[in-house]
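Below is one structure, written out as structure tokens; the observations come after it.
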């Protein structure tokens with residue numbers, strides 16, 4: 001590969017596993033013939049950003065510019081770009097490239113491509129490391145750019161590029177999107193609250209399952225869930241046993257799967273999208289005797305992500321956010337670690353991060 005021309009950029013980076021983010025000047029490649037460049041307006045803070053800045057998964061490369069819930073406005077397109085033009089509202093989620101030829105890619109599931117390149121902290125083809133959306137602009141292959149519906153507010157749409165697709169994809173893929181179905185959503189956090197909104201928009205009956213009675217009013221009266229179960233209440237769980245077609249489990253803390261499997265109907269599906277640090281016990285007998293299934297799911301493919309955001313536009317689905325300035329990001333990370341946010345932090349990049357005068 002020949003020499004790649006570069007363009008100055010500015011963002012916030014973690015320099016070591018302390019996880020503290022500070023101003024960082026770097027370069028991005030010039031706009032290639034199939035690239036879309038856009039000014040970043042907003043970027044959501046995902047819980048995985050917190051893990052990555054502290055190298056808690058053992059895969060971080062420093063300096064690390066996080067952010068994979070990125071939205072903005074197109075400023076330049078390459079000569080062979082056909083889907084986008086300057087001035088349009090776009091976003092980039094967790095992926096910026098994949099091989100394009102493996103079974104996963106040909107099936108539209110680039111998220112499972114063994115050679116997929118994540119939006120930050122991964123080696124790119126030009127021997128650079130990808131930098132994410134805590135920055136003033138992005139450049140990305142056209143095929144990994146998502147069009148944002150005009151009616152959606154960009155700040156509240158940003159988290160959908162991770163949280164939204166994480167809950168939407170398994171519901172669609174596993175057929176848990178049929179009107180009249182009964183769907184359980186475990187956990188009412190960044191993923192769970194969006195899961196409730198999509199499941200309701202699909203026409204399903206939704207029950208929120210939580211350890212805390214305190215979230216009942218929020219779940220039913222504000223988010224529109226049909227029912228609420230306290231997972232620590234044996235009577236509530238017993239009364240609801242065998243009633244659910246599927247459950248989306250968004251919880252990352254260690255918890256028992258047995259009560260959740262009990263809530264499922266014959267052939268019911270429990271989909272894990274949270275990522276507990278320690279292994280969970282899997283009771284096998286409910287799987288054998290009632291053909292219940294447990295599976296996992298990770299974000300979604302690009303076509304599926306576009307479908308998700310289009311559905312969000314149709315039904316006015318957005319994340320519930322707390323908009324913050326760039327200089328508040330380290331405090332936000334501390335609060336996120338304590339689960340002190342309802343439900344997603346979003347950085348006002350364009351108005352609070354030092355601008356790049358060359359844009």
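Glycine too: its Cβ is placed from the backbone N, Cα and C atoms.
Contacts of residue 69 (Zn(2+) 1 binding site) defined by a Cβ separation under 8 A and a same-chain sequence distance of 6+ are given as 43, 44, 45, 46, 91, 93, 133, 158, 159, 160, 161, 162, 163, 344, 346, in order along the sequence. According to Swiss-Prot, the Zn(2+) 1 binding site annotation covers 46, 68, 69, 162, on the basis of similarity to another entry.
What Swiss-Prot records for 48, 166, 187-192, 210-215, 250, 274, 297-299 is NADP(+) binding site, and it gives similarity to another entry as the kind of evidence. Classification of residue 48 (NADP(+) binding site) by DSSP places it within a helix.
Sequence-distant contacts of residue 113 (Zn(2+) 2 binding site), defined as residues of its own chain at least six apart whose C-beta falls under 8 angstroms from its C-beta, comprise 98, 99, 102, 104, 105. Here Swiss-Prot flags 99, 102, 105, 113 as Zn(2+) 2 binding site.
Fewest other C-beta atoms within 10 Å: among the binding-site residues 162, 299, that description fits 299. A helical conformation is recorded for residue 105 (Zn(2+) 2 binding site) in the three-state DSSP classification.
Cα to Cα, residue 188 (NADP(+) binding site) and residue 68 (Zn(2+) 1 binding site) are separated by 21 Å.
If you take the Cα of residue 191 (NADP(+) binding site) and the Cα of residue 68 (Zn(2+) 1 binding site), they are about 15 angstrom apart, rounded to a whole number. Under the DSSP three-state reduction, residue 299 (NADP(+) binding site) is assigned to coil, being neither helix nor strand.
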